[in-house]
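Record features, source TrEMBL:
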DOMAIN    61-263  domain 'Calcium uniporter protein C-terminal'
TRANSMEM  178-197  transmembrane segment
TRANSMEM  209-227  transmembrane segment
């Protein structure tokens, strides 16, 4: 029989040289150390111990072992990261130096449903204890990462905020001037109609004129609705004109509105994550309980 690298093994040792028995629910692997010639027992925790860890334990017991590997029955090498629980499900070959041991793990009795439930409860408890013991360290590391990200985002936003403030001030000033110009035009129109009605012509002549002026204004408001799909409401019209001036000024000064909005969203998300992270740190409560209270 040859290994995965094609190197022949000098001997294929019978399976009784390596035995596996279960004691207190844990597998005990007994084998003969090649250099010392002693039988040695290795108790493994199948859910935690990997093949690599088991082989390291064997080599630590016998310093004369230069090579220790595990192969499947078809000659495929078993990865060191494989859990012993997976390995013990099928027959395998344990290679120590130039000897290949054929190993046949015994069939483990299936746990009763009640025992299996107890084991699952124990695993869940161990997991919760692990999380509880390491949660604070994880939160501190996460808080440090969020603070670094927050400082980075604020550094990128600072020049954009300054540029945005200048553009906003300019757009707001232009919008205000436009509103005052509109008020001045409406006052001039009212004064001109009054002057033509009482001093130049009579109301009989000016009535059709005012009618067509009113009708023309209604047409202008309707055209505004057709173009913008919005009613002509003064606050909305003012905001629309402000945005028009703002984007035109931003284009001239090369202010990237999309990048600014993206940075603002990232900043808000980071601040919210930091707030949620700090809440359980101050109250010493799990995050799930904090969310339930909210």
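Glycine is no exception: its Cβ is also placed from the backbone N, Cα and C atoms.
Panel annotation: around the transmembrane segment (178-197), residues 203, 206, 209-210, 213, 238, 241 of the same chain, lying at least six beyond its termini, place a Cβ under 8 Å from a Cβ of the stretch. For the domain 'Calcium uniporter protein C-terminal' (61-263), the mean pLDDT of the prediction comes to 80.
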